[in-house]
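K.L.:
Here it is, the structure, as structure tokens.
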Amino acid sequence: MAASASAAAGEEDWVLPSEVEVLESIYLDELQVIKGNGRTSPWEIYITLHPATAEDQDSQYVCFTLVLQVPAEYPHEVPQISIRNPRGLSDEQIHTILQVLGHVAKAGLGTAMLYELIEKGKEILTDNNIPHGQCVICLYGFQEKEAFTKTPCYHYFHCHCLARYIQHMEQELKAQGQEQEQERQHATTKQKAVGVQCPVCREPLVYDLASLKAAPEPQQPMELYQPSAESLRQQEERKRLYQRQQERGGIIDLEAERNRYFISLQQPPAPAEPESAVDVSKGSQPPSTLAAELSTSPAVQSTLPPPLPVATQHICEKIPGTRSNQQRLGETQKAMLDPPKPSRGPWRQPERRHPKGGECHAPKGTRDTQELPPPEGPLKEPMDLKPEPHSQGVEGPPQEKGPGSWQGPPPRRTRDCVRWERSKGRTPGSSYPRLPRGQGAYRPGTRRESLGLESKDGS
């Protein structure tokens, strides 16, 4: 009973409830109080402070919410002070306000100090009723004689900057409204049109565009840049480095790289003559002269491909009068100009050699070989089957020459039935008489020996 009586007497002596009632009668709805459980938990007092501008809200550019946590030992203990939702104040200003309010609280220990703390906060805001920071549109600070405005959400802009922003947003909203007109007509629920919003917090803006446009444009101070000695030294060093890299090809020219594959059609290139083209006037020359000119021409030698390992071609003398000289000349030119092609079949023509003395060696293992008829008269000397190099229209095997007189690849072998015409004296069923075995020029066991003798003689 005695403890409860002492607690009741202590609560009656506590000055906080009576002080809160006085504050509520002064600030009315601006003050919010969260009462604790007697003296066991602290009370919390919230109040939003503005500069004293004779209730002219348009001239109030700064504000903050003051929070006081009153302990149970109040007034013999200082309340905990904090600031929430500051507008137009820098961090340094907020820190200064907290320090000033702390000094006031310590000076009023043992007495009612809540009213003094609230009024001191208002006084500081009145003295600093200039927004601190930058215009978020132009990113420049506010000067004393510049025309700026404050939104209901306590964000600050130059009047000229805000007018330009509002005009731009109205044009965008108009364009979006035209695009979404059909969607709004078919929509079941009508969406409320959204006006111009604050560029910081997206709250709807209330503005007078005419008055904002009439405001003068803010004059920003022009700061002349003066490089220091260190910056000038660095510029010279980078300039020398750039020149050195450019001389060594380390700098990529974007314009040159962009136009590397650009083809201009204003100046057409000169028509290039085909390298494989042969003058028509050379057609009247004999094949030997034409072959010599083609072999000595550097253009033809550079364009012709390297010779391929093809089988040696053997061309026998044809019966004179079978073809005209003009056709032979055309075939000679075609064989010299066309590159050699490998054989399409799986087999390759075996290499044949014509040894000296007129002996003709046939490949081993061939059964259906055609032998030449015996001569009518006695054979006085061996007949050389090699054609003359300057015979008209006759193609011979390529002759081996020095390394500096290469005449191109050997002519391509063409399977032309016209070149191997049947003689007029032969009939479809006739054949050449065969020689007895062992009496011909062919010796089965002497092929390798004859080849070895040729290599030793160097012929």
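Here, residue 1 is simply the first one shown, and the rest follow in order.
Cβ coordinates are placed from backbone N, Cα and C, and glycine is handled just like the others.
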K.L.:
Which residue from Ser343, Ser391, Ser450 is recorded in Swiss-Prot as phosphoserine?
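P.N.:
Going through Ser343, Ser391, Ser450 one by one, Swiss-Prot flags Ser450 as phosphoserine.
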K.L.:
Scan 226-267, 268-309 against Swiss-Prot and say which stretch is down as region 'Disordered'.
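P.N.:
When 226-267, 268-309 are checked in Swiss-Prot, region 'Disordered' belongs to 268-309.
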K.L.:
Pop the Cα-Cα gap between Cys161 (Zn(2+) 1 binding site) and Cys198 (Zn(2+) 2 binding site) into the table, whole Å please.
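P.N.:
Cα to Cα, Cys198 (Zn(2+) 2 binding site) and Cys161 (Zn(2+) 1 binding site) are separated by 13 Å.
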K.L.:
Excluding near sequence neighbours, so keeping only residues 6 or more apart in the same chain, what lies with its CB under 8 A of Cys153 (Zn(2+) 2 binding site)?
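P.N.:
Set apart from Cys153 (Zn(2+) 2 binding site) by at least 6 residues yet with Cβ under 8 Å, we have Cys198, Val200, Cys201, Glu203.
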K.L.:
List the residues in the vicinity of the Zn(2+) 1 site, defined as same-chain residues other than Cys135, Cys138, His158, Cys161 with C-beta within 8 angstroms of the site's C-beta centre.
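P.N.:
My list of surrounding residues reads Val136, Ile137, Leu139, Tyr140, Phe148, Phe157, His160, Leu162, Pro218.
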K.L.:
In terms of DSSP three-state secondary structure, what is the assignment for Cys161 (Zn(2+) 1 binding site)?
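P.N.:
Its secondary structure by DSSP: helix.
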K.L.:
Can you figure out which of Cys135, Cys138, Cys161 (the binding-site residues) comes closest in space to His155 (Zn(2+) 2 binding site), comparing Cα atoms?
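P.N.:
Closest by Cα: Cys135.
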K.L.:
I need the neighbours of the Zn(2+) 2 site defined by Cys153, His155, Cys198, Cys201. Which other residues of that chain put their C-beta within 8 angstroms of the C-beta centroid, in sequence order?
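P.N.:
Close Cβ neighbours, site residues excluded: Thr151, Pro152, Tyr154, Pro199, Val200, Arg202, Glu203.
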K.L.:
In sequence order, which residues at least six apart in the same chain have a CB under 8 Å from the CB of His158 (Zn(2+) 1 binding site)?
P.N.:
Cys135, Ile137, Cys138, Tyr140, Phe142, Glu146, Ala147, Phe148, Thr149, Ala215, Pro218
